[in-house]
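> As annotated by TrEMBL, transmembrane segment applies to 23-42, 49-68, 108-125, 137-155, 161-184, 239-263, 331-351, 357-379, 399-416, 422-439.
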Amino acid sequence: MPQQLPVSTLAATTRSSPDPKKLTLIPLIFIIYFEVAGGPYGEEPAVKAAGPLFAILGFLIFPFIWSIPEALITAELSTAFPGNGGFVIWAERAFGPFWGSLMGTLKFLSGVINIAAFPVLCINYMKQLIPALESDLPRYLSILGSTLGLSFLNYTGLTIVGYAAVALAVVSLLPFILMTLIALPKIRPHRWISLGQKGVKKDWNLFFNTLFWNLNFWDNVSTLAGEVDKPQKTYPKALFVAVIFTCLAYLFPLLAVTGSLSVNQSEWESGFMAIAAEMIAGKWLKIFLEVGAVLSAIGLYEAQLSSSAFQLLGMADIGSLPKFFGLRSKWFNTPWVGILLSTLISLGVSYMDFTDIISSANFLYSLSMLLEFASFIWLRRKLPMLKRPYRVPLRLPGLVLMCLIPSGFLIVIMAIATKTVYLVSGIMTVAGIGWFYLMKLCKSKKLFQFNIGGEEIGFEENDEERVVSHL
């Protein structure tokens, strides 16, 4: 067996009582929820792009061909390799350091680009209440201020982020629950089967990117494995509940609004749910929903910034990045270097159009997911006896089929991308390749300090020892 970099197995897996400083089941469920969705905010363009029927079918079917397979893979590999490197560790174990580094670059860049979308989405809702936010300078200052403020909140600690996610989810979903209940008597089921207005051309690029953006990033939570109490038991339960919860949170409001309102298809822009709330129940619900949008954006930003920051910490732990990327705050024990770097990059791309933001994030994420699927299959073949506390109940041919279907969708997403997305994604991919060789040069020249041989915290075991312990 080739020599592998060890991954710490975390003392948390052997404790009998929860560690109050680590994430437990309930906070983890809601962090996953905000990693992926954060509520129905942002699903509106699917209706604009393809009409009510295709939007409903998309949010009904897509979880089975994408969300569930990705969540299953995350559950298996996060429990087999419970380190903060997450998917970086998986690719490195499967194919070596180059692919691990490239995976890290693609995931990190797609993550921070995705983070930039949340303040933009928040402003799209808030401009309904504050028209001044539509002009350039107030909009830019609002994005800048909210980004910096939310990053500071993230700096105060992951435990705070976890419990805040629970409260944010409850409050941000409440207006949608009220809207759905109030809309029930007004629903006309025949509106659900509408293919859209005559003469309106289907925008499949926008449609698929909207679905993908709203239902991906399940594996982002893997970079927090080192911060989760008893991850081998907690991850599968949290992912199972989060998948069901997230899909229902998208579907019910969509059915309520499309079934109760008949409006011009072009009105289904990001932020239309707030207008729909006013049409269904009055201005009070519109205001409530817009407040919920702000809270949802906070939760989305916090959860995904945490994943990106802890990913850099995990990469520093396994020696893919210099040790200073793993520096933690003395006051809050948070990876302040990762938080700072993620914030600066997200600010740098926040001027982009909202559609271009999510399309660029989707393209980079698609490339990384193809590598992740390959890593998952190869690790099953390469290390069949590796201890896996949770194991997807399929043999290798079934796993290949499970990964082929979403892989086909990824290829479609990349094929329909715009020239701008190709350019941005191509530059970032080349930069990721160059980054690996730059880090290799830094190691050889000893320009920075690197962890050699894996994580220095906790106790270590390599893959051979993990296999033996399983036998």
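We count from 1, first residue shown onward.
Placement of Cβ uses the backbone N, Cα and C atoms for every residue, glycine included.
Bear in mind that TrEMBL entries carry predicted annotations, made automatically and left uncurated.
Since we're looking at a predicted model, the values are computed, not measured.
I would like each feature placed in context: is it buried or exposed, what are its neighbours, and how far apart are things?
Proximity of distant same-chain residues to the transmembrane segment (23-42), defined by a Cβ-Cβ separation under 8 Å and at least 6 residues beyond the stretch ends, is recorded for 67, 121, 125, 158-159, 161-163, 165-166, 168-169, 172-173, 176, 210, 213-218, 220-221, 224, 227-229, 234-235, 237-239, 241-242, 245-246, 249-250, 253-254, 270, 273, 292-293, 296-297, 299-300, 302-304, 306-307.
Only residues 6 or more beyond the boundaries of the transmembrane segment (49-68), in the same chain, are considered here, and those with a CB under 8 A from a CB of the stretch are 36, 43, 191-197, 200, 202-207, 210-212, 214-216, 218, 243, 246-247, 250-251, 254-255, 258, 265, 405-406, 409.
Beyond its flanks by at least six residues, the transmembrane segment (137-155) meets 119-120, 122-123, 126-127, 161, 164, 297-298, 301-302, 305-306, 309, 329, 332, 334, 336, 339-340, 342-343, 346-347, 350-351 of its own chain at Cβ-Cβ distances under 8 Å.
Sequence-distant neighbours of the transmembrane segment (239-263) (same chain, 6+ residues past either end, Cβ-Cβ under 8 Å): 29-30, 32-33, 36-37, 39-40, 43, 47, 52, 55-56, 59-60, 63, 67-68, 71-72, 74-75, 173, 176, 179-180, 183-184, 186-189, 191-192, 194, 214-215, 218, 221, 273, 276, 279-280.
Non-local neighbours of the transmembrane segment (357-379) in the same chain are 70, 73, 76-77, 80, 87, 90-91, 93-95, 99, 102-103, 106-107, 109-111, 113-114, 116-117, 120, 205, 209-210, 212-213, 216-217, 219, 349-350, 386, 396, 399-400, 403, 406-407, 410-411, 413-414, 417-418, 420-422, 424-425, 428-429; each lies 6+ residues outside the stretch with a CB under 8 Å from one of its CB atoms.
Long-range contacts of the transmembrane segment (399-416) within the same chain, counting only residues at least 6 positions beyond its ends with a Cβ under 8 Å from a Cβ of the stretch, are 65-66, 69-70, 72-73, 204-205, 208-209, 212, 362-363, 366-367, 369-370, 373, 376-377, 380, 392.
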> If you count every Cβ pair below 8 Å, which range out of 108-125, 161-184, 422-439 shares the most with the transmembrane segment (331-351)?
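Highest pair count goes to 108-125.
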